[in-house]
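According to TrEMBL, the features are:
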BINDING   THR193, LYS219, THR238, GLU330, ASN461, SER466  substrate binding site
ACT_SITE  THR238  active site, nucleophile
Amino acid sequence: MNISRNMRTLRAPTTFNRMSSTTAYTMKHMPAKLYLHKEIPGDAFPKGYAVSGFHVGVKKTNAADLGIILSTSPHPTSAAACFTRNAFKAAPVVVSQEVLQSNNGRARAVVVNSGCANAVTGKQGLEDAWAMARETDALLQPPGAGESLVMSTGVIGQTLPIQKILKGIKGIQSSHATSDFASWENTARAFMTTDTFPKLRARSFSIKGRQYRMAGMDKGAGMIHPDMGPPPGQLHATLLGCICTDAAVSPRSLQNALTYAVSRSFNSISVDGDMSTNDTVIALANGAATDGSAAMEIDEERDVETYEAFRDELTKFAVDLAKLVVRDGEGATKFVTVSVEGAATYSDAHAIASKISTSALVKTALYGEDANWGRVLAASGSLFTLSTPLVPSRVSVSFIPSDGSPILPLLVNGEPELVDEARAKSILEHDDLEIRVDLGLGNESAKYWTCDFSYEYVRINGDYRS
């Protein structure tokens, strides 16, 4: 994808006329998103990592297209990942799974390229992904063997310019991989395809008086509806993420914490309802904030309270990263939180929230600022695999304004309200809003984050490969 095409300034609003009527539609300006990217103080980043992002020639532009993340900690580094369940899993997904399985959840490096997904590329794709991993192993100190995870994103069905990539990885040995903001920012840029800004966050947190740091980056703007699980599993080009911490966490507990976090973050977002062949979220924990000994590792069987505190910190951080993907959704003009409450189980609430978030009719109504809550209700009632059937007379639907003004009830216990259409439209005119559905069946709830469908989304994806 030509990144510069998506960074360009949008032209003045364009008016479209439907052939079957005289109704005119005006394409709205996309809201500015660069404000979401801010400089981060260098001391906010976790200890014991060296990172770099640069251009090697995968992309036609001069934008960064190769990123390296190395753990420089003298202590063992735990690694965990959640991978796409798409049946056409990409070569880097296969390779990264094998690395984690053979090393029992230990890895010290991540290499990522953008501009080519290396998906559905047969034997050559696997050979190329392994070559990237081996070349990255050589950067480790001491040099490793089978300790590098691989991620790729971009166009499906095209092979990598592997020699350019390998030359770039070799070249980093004499370059300046560091842990300052510029290095992390360049690495985040190397993840980008149709993204309009690098998605990078870092922060510190404390557990039982001990201070830790966490940094992460992700990418994604289209083909976003992840369903990722831990390896091994049922394996189902676009959402990639990496979270690094200097906490010491056992491999099994890091995987369990990441699986929990992904379920409530990356597996709870949707831009267009399409699942990628490459979706991968990786977590590294290198113990650089402690002495790194096995006795110091956070482990759920040894200390469940400390483990749950870490798991919850990881989950909050993953939610922040996942929201950035939705805010940068291709052509998106609105960021929408879908809250489903009063469900019998979390799975039921999550499934209904997902159904609403992926409904093309709901998403187009959001773009048109049409308070057509019947579409929300229809999507909610279209699932037949819930643990507890819906009772229409118990269901309520509301709009929650982002400006703190009173909630607008649309349906209360199955009875439609007399809606102030002008106020409903004013709520929908905001860039942010929430749709709340109360099922009246229990105490479980779930959230999903989604966006609207616009003319710009069609334009971007109508000629993605050009």
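Even glycines carry a Cβ here, placed using N, Cα and C.
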So if I draw a 10 Å sphere around the Cβ of THR193 (substrate binding site), how many other Cβ atoms end up inside it? 27
If you count the other CB atoms within 10 A of the CB of LYS219 (substrate binding site), including all protein chains displayed, you should get 28
Quick one: give me the count of other CB atoms within 10 A of the CB of GLU330 (substrate binding site). 26
